[in-house]
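Report on the following structure.
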Amino acid sequence: MAQPILGHGSLQPASAAGLASLELDSSLDQYVQIRIFKIIVIGDSNVGKTCLTFRFCGGTFPDKTEATIGVDFREKTVEIEGEKIKVQVWDTAGQERFRKSMVEHYYRNVHAVVFVYDVTKMTSFTNLKMWIQECNGHAVPPLVPKVLVGNKCDLREQIQVPSNLALKFADAHNMLLFETSAKDPKESQNVESIFMCLACRLKAQKSLLYRDAERQQGKVQKLEFPQEANSKTSCPC
């Protein structure tokens with residue numbers, strides 16, 4: 001079973017402006033507030049973006065999928081250290097003709113990014129540079145957490161992208177690398193780890209922002225992520 005591969009890149013706290021946009025869903029009642037973390041999944045068509053979101057949000061692999069047109073999103077409520085958090089996963093189209101009208105919308109107020117490639121298609125890996133450029137070109141703060149995911153690892157005989165090459169790329173772009181399969185039920189825990197890793201980091205960053213804001217009497221400053229913060233969360237990465 002393929003395991004997540006952790007690169008030397010670290011997930012750093014998002015910018016103060018980005019963190020300030022983390023939303024609260026208070027529609028249930030005045031006593032219950034659920035934070036919403038918006039995570040977008042981007043990459044070439046047919047790399048398995050939709051299947052990854054189905055596996056995480058519903059625990060299933062769809063029998064049949066069609067090319068995503070524009071953007072779609074799925075949600076899953078998770079509990080981290082006693083707090084319920086809604087993880088909103090935005091599944092984006094990989095084809096240019098479906099992206100033009102929606103691209104600004106799904107990059108708006110993003111909290112974390114998942115870049116996906118197909119380990120059996122080298123072109124999907126080489127195109128990652130294009131996706132990163134698009135992300136940067138839409139003013140996504142450079143400190144927004146990002147991870148790299150190599151999907152379809154169940155097709156072991158067809159792998160074209162070696163792990164060491166992917167790890168080198170992830171390190172160069174300050175990302176963690178996960179290799180997994182949305183199709184293989186045995187890999188479901190690894191798919192879960194991708195999104196839970198980001199959710200844990202975002203939760204920790206937001207908590208730090210609140211404490212800093214209180215100390216500064218409402219004045220928000222950029223935060224340095226403390227080394228011990230990782231041990232205080234149930235973060236899988």
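Each Cβ is built from the backbone N, Cα and C atoms, and glycine gets one as well.
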With Swiss-Prot as the source, identify the stretch among 72-91, 92-111, 132-151, 172-191 annotated motif 'Switch 2'.
92-111
Pick from 59-71, 215-227: which stretch is listed in Swiss-Prot under motif 'Switch 1'?
59-71
Which three-state DSSP class does T50 (GTP binding site) fall into?
helix
Can you tell which of N46, T50 has the least company, meaning the fewest other C-beta atoms within 10 angstroms of its C-beta, among these binding-site residues?
N46
